[in-house]
Amino acid sequence: MAFKGEHRAILIANILIVVAISIFSSGFFPYKSLLPGLATFAETNIGTVAPKVFDRVIFMVIDALRSDFVYSKTSGFSFTQSLIRSGAALPFTAHASSPTVTMPRLKAMTTGSVPSFLDVILNIAESDTSSTLAYQDTWLAQIKAQGGQLVMYGDDTWIKLFPGVFDRCDGTTSFFVSDFTEVDHNVTRHVPRELSERDWSAFIMHFLGLDHIGHKAGPKSRHMMTKQREMDSIVALIYAAMEEQEHLQSTLFVLCGDHGMNDAGNHGGSSPGEISPALLFISPKFQTKTTPEDSPVEAFSDLQYYRTVEQVDITPTLAGLLGLPIPLNSLGVFIPEFLMMWDNDAHRIDILLRNAKQMLSAMKGTFPDLDVEAITPPHGCDKHVLRSAQDVMSSTASKYNTTRLYLGLFVAALAVLLSFFPAYGLGSKYSYAVTFLMLIIISYGGMMFASSYVEEEQQFWYWVVTAWTVYLHIKSLRPWHGSKDTRRWNQTGQKFAAEPDIARDFFPRHQNILWALIILTYFDTCMHLCLNSHSSNIWRSAAILTTIAAFFFKLVFVASDSPELLYESLLSPIQKSLEEMPLVPPARLSKAVNIPIFLMFRLQAIILDFLKMSAIEVTLTSLLSQNMTFFAFGGSNAISSVDLSNAYNGIGSYSVVLVGVLTFISNWAGPIWWASAARLLYSNPTFAERYGQRTLLTFHAATSLMSVMAACTMLRTHLFIWTVFSPKYLYTLAWTILNHMFINLPATANVSQVLNWQYAFHSVACR
């Protein structure tokens, strides 16, 4: 009876884990309150209103346009740089606050407000409409309110954000990262026609190809310079039309990136590369008003060129230049370099006062009991005062529901309590393993309260796995090699991400070793399939043909997208033939350098199989290896480390479910492999042993979740809450719900020989 009671306790604990996540998330990621309606012009007591400088705007967004892509000596934007030198373009580096993904960045540029971190999740859901801006005040809504027409071509995130707003539009799917060319051609083909049209007030373009190249091959890809020159040619086309066509004479051209990218080509975090997109305001009118800048130039700090402005400053600046009211919820400050567009000092003061009054209104909405007038100095429109108000408002942009935070934390604590006593009961039989797990949990829980440890979590798991292997070595007197090599396979985290590693530095210089390991990995997979298949020759032939097809598939992909891995190898004579083979483009998206790591896993599993470990020791070994291999594959606690390059294998069109599943499988390939391996390392556990495995897994999941929740609650006002702790919480959700609930727990069930095939096929399917 006591055993059945403990079994129910584990079941209830897993249910409580889901409940705790639901409650805590609703309090941690709320939608912030916004002022309703549209802004109108307010009196400024100046007696004169600043006239608009431009009649229409061309707003060109190049996804992931990092500042150095435009301003550095290695840039492909030669024409754009000539505009800077002539004074026709005013260059800036925009500061894109985290999260650096498209949807929240577009919200910042159109509303002038700081988006919710929940937009990171909504950004992935292609069909999501809950994050619409149709009823919020934006500079697009202000143009529409004045009778203007809007046209948009490119990333369909705009159509999601502004349903029914555009008079003409053609959206492209933003997450189909295999497409470098057609996704931009579908925008470019509309440009000449729209430039000749006279009916629009705002022409918006959003190009995705450069971002897709970054996700696939990084900022140093051989495709990057070609794409930059292509985008530069579009800038030249638009500027020529602005000079030649009469109806475009009073047009403002804005060229910007929504965010940047890191050295791996990803984004979502807060590294200098991710938060530093380029921003340029272009018009022939600027040539008579400004002093030209040099271009190209050197960055004066990490990717900071010229002057840095906040991305939300785009909104009030556009409003002032186009003669629009500043949107109600804007936290932006008018960029002072554009005050020179008004010769009358009264007009300049009018612009600043309207900005100050709008900021005052926003502050009253956030702090209704605050007497702002009493603490505002007479020079209230001064840019330093506005910047201070901007900083305060940005820091309070998201209000937590503390009741739900504490309630969710309490429910998580109940789950820990329910699983603790059954786990503690296992200590009498498996004292060393359970004690080791308890020490890990205590150390891990304390580590979650330090941002540096969260950023470098991989170091913790590398040391933990090493310590556990020492114990297994002493216990069995058999060595377990490979953990050091696995650690060096992909450098990750924040401090050591750019350090040399095996995948990016060793293999490109030793290509024959790489391909020998790849071939050996596929051979081992083939042998395992044959040995675990039916005795029928048909099954064995199918296993052999499948493995051969998978290898040549991979070979063709590498020849197409990473030919540098073939140039000096023994396979180079057939490279030209491989490049000409037609394949489905979405399938060209996997990393060959990670294939040999599966062979290392296999060798480690063979050694472990000789150790005759108990069911609990196998579970703990699998659990530790899962966490270690997640980082060994290049994962981290930053949103930018999510690898989308494998999310489209075999898919011809976007599907949020299929892409989501493939994204999880590709990023958790190592943990899934070790969850499957655990079943084979202890293939016939008793019911009591399976219960013990589920107990340890549940206890670890519950304590990890509670630790992260506690850290996020106590440190919710921390400087790094949105750049370190919130991403960590999102990763914890993936570990708890997807990996624990759908991978680890089912792996402890009493399943049949199917798992043997799952274990063997995984090396092929996940690549």
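Cβ coordinates come from backbone N, Cα and C, glycine included.
Since the structure is predicted, the reported quantities are computational estimates derived from the model, not experimental observations.
The N-linked glycosylation site feature in Swiss-Prot is assigned to ASN186, ASN401, ASN490, ASN627; the stated evidence is sequence analysis. Feature annotation from Swiss-Prot assigns transmembrane segment to 407-427, 434-454, 513-533, 538-558, 595-615, 655-675, 695-715, 733-755; the stated evidence is sequence analysis.
Between the transmembrane segment (695-715) and the stretches 407-427, 434-454, 595-615, 655-675, it is 407-427 that has the most C-beta pairs under 8 angstroms.
Around the Cβ of ASN401 (N-linked glycosylation site), 16 further Cβ atoms fall within 10 Å across all displayed protein chains. Two recorded stretches are said to be in contact when at least 3 C-beta pairs lie under 8 angstroms, sequence spacing 6 or more; the transmembrane segment (434-454) and the transmembrane segment (407-427) meet this definition. Under DSSP, ASN627 (N-linked glycosylation site) is assigned to a helix (H, G or I) in the three-state scheme. ASN186 (N-linked glycosylation site) falls within a helix when secondary structure is assigned with DSSP.
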